[in-house]
Amino acid sequence: MNSQNRKRLRGLSVHAVLMICVVISVFPFYWIVVMATNTSQDIYSYPPKLWFGGNLLTNIQHLFDKMDFFGSLLNTVTVAVCTTLLVLFFDSLAAFAFAKYEFPGKKFLFGLLLAMYILPTQLAIIPQYEIMVQLGWLGTLKALIVPAAANAFGIFWMRQYTSTGVPDELLDAARIEGAGFFRQYWHVVLPCVRPALAFLGIYTFIAAWNDYVLPLVMLVDPSRLTLQVALAQLYAGHSTDYSMVMAGVLLAVIPLVLVFTFFARGFIADATKGALR
Amino acid sequence: MSSSPVAGPAPTGPSSGPATGPTGQPSPGHRRGPGRPGRRVRPVSAVARRGPRRGIARYWPQYLAVSPYYLLFSVFMLFPMLYTVYLAFQKWDGIGDMQFVGFQQFRFLWDDPIFWMSLRNTLVIWVLSTVPMLFMALLLAVLVNSTKRFTGFYRVALFIPSITSLVAIAIFFGAVFSNNFGLINAILKGLHLSAVPWMSNEWTIKLVIAALMTWQWTGYNAIIYLAGLQAIPSELYEAARMDGAGPARILFSITIPLLRPIILFTVVISTVTGLQSFTEPQVLFGSDASTNPNSGGPGQAGLTTLLYFYHQAFDNNDFGYAAAIVWAFFLLILLIVVINWRLVQRKERRP
């Protein structure tokens, strides 16, 4: 009896510690909403307001005066959607070749893929900038989309899934029917790898949405920014008008986080698989 | 051959792929029958040679399939990286002519106190964030693993910071740790403690940046560890408990040794990403170095090496020097990763 009580107490304290960590994890989102729905004066005052206010719409209005929100949103969505679609197509196609075929140089090419995995992008960013100048792409969204249209992680991830998730019998059947490489890809591989594509798609979309460094360097035209760059500039220029800046953060960041929580379970399972290989 | 396959392990037609077919299935079962003669004869190279297509051309669909990545990689990564090496030996403002200066940029780097300070800042922030981050992550993972209820909820809640925009987090931390109007100082005031000038002290600036990184990545690492913990067979724990091992002994004798490969992975990843901190100080302390001589915050305490690199390249247009900085820094990261690797590996060999 006594030991049972102690066991229960230990269980409770485990949950208490975990709950504290959960609160720390999600507290910023709560506090961003508090700041975005009050006035900056409320935030400055002491003691600070700890609950939601009714000033959100006014803050959003101020935000729209100071920042081209919908323009930046459109740019961000364009970059994220185009990058994601291109990555899904190119990575899964390359992964199919790596997973199911032998060809000269395959080992070398795949090894190269692994070696390039963790190279910091900053090593390349100055010449990248110059290349964009030469191509006339500087300041355009192409400068963000094209370099990111295929990546090593995606190929690696898709190859893993393709080699086990696409039955060889199906490919053989397609081949007997006379389907070539690309028709096999389209009719057999793509339907089979959908779960892996879902993860890669969400991953790529979020990464493109949140990217800051490349847009900061490439988007030199202040009237054509992505949300992240526009937000950072808004903060740099109006760092004390918290409620307005936080309204921007709320609109630009929180929807994505909320949408993510719907897919979270499967995504997290895949993310650990991807990390641990 | 492609139009009239012969028996035996001969290659199939050109468009249906290589000789072996799907890996592990080199059987002749999927050769095209003679019922479809000529259907897949490929133009271009095949026409020129007539007869069996040999060599590399046979594999064109595979090469075409993998080419986009390698093409983009060569143009936007490999060539630029090598060009950065070249740039490090030039003096160039991005517009005028380049001027070869030999090792002068590196000599200047060696004598540049701001470069060394940025390195120190980077390393201090990295240690301040990575050590507590990985330690707490392991603890959290053990806790979640010890319970059966709400684990799905915990995992999602702990993971969310890692997919949140870094810019947004930096703005949030800037607001909360603000010297005059921040929540943290308001709480300290409420507890009758004196306010801390978080954003103007050399150490607290680093602390805030490290706290930001810790907040963002602890949960992610915990979930990686959790996946590793769940792979440890529970019989091992039961056996240890039978032998009278306590929770601490179990942690150090079973859990950590078996998690070692995963710990190595997280250490490497945290090193590579943690040393590359840039966005945090860049957003926190304003972007424009030309109008803000204190880039990196008061006393340049938040000036990380990559932020310094960025200023030299895109604010001062000193591309040659920036190239020297970034290559020197990359080699340093490599060195630290190798040292980390060695340290963790050596422990593994010990019984």
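Including glycine, each Cβ sits where the backbone N, Cα and C put it.
Taken from TrEMBL, the feature compositional bias 'Low complexity' covers B:1-28.
The compositional bias 'Basic residues' feature in TrEMBL is assigned to B:29-42.
Taken from TrEMBL, the feature domain 'ABC transmembrane type-1' applies to B:119-340.
According to TrEMBL, the region 'Disordered' annotation covers B:1-44.
Annotation source TrEMBL lists transmembrane segment at B:63-89 (among others).
Under the heading transmembrane segment, TrEMBL lists B:123-144 (among others). Sequence-remote contacts of a segment are chain residues at least 6 beyond its ends whose Cβ falls under 8 Å from one of its Cβ atoms, and for the transmembrane segment (B:123-144) they are 151, 154-155, 158, 206-207, 209-211, 213-214, 217-226, 228-229, 251, 255-256, 259, 263, 266-267, 270-271, 274-275, 277, 302, 304.
Annotation comment: TrEMBL describes B:156-177 (among others) as transmembrane segment. Long-range Cβ contacts of the transmembrane segment (B:156-177) within its own chain (Cβ-Cβ under 8 Å, at least 6 residues beyond either end) map to 140, 144, 183-185, 198-199, 204, 208, 211-212, 215-220, 222-223, 279-280, 283-284.
Residues or ranges marked as transmembrane segment by TrEMBL: B:207-229 (among others).
If you look up TrEMBL, you'll see B:250-272 (among others) marked as transmembrane segment. Same-chain residues lying 6+ beyond the ends of the transmembrane segment (B:250-272) with a Cβ under 8 Å from its Cβ atoms: 126, 130, 133-134, 137-138, 142, 217, 221, 224-225, 227-229, 232, 236-237, 240-241, 333, 336-337, 340-341, 344-345, 347-348.
Annotation source TrEMBL lists transmembrane segment at B:319-341 (among others).
Within its own chain, the transmembrane segment (B:63-89) has Cβ neighbours under 8 Å at 56, 98, 100-103, 105-106, 319-320, 323-324, 326-327, counting only residues six or more beyond its boundaries.
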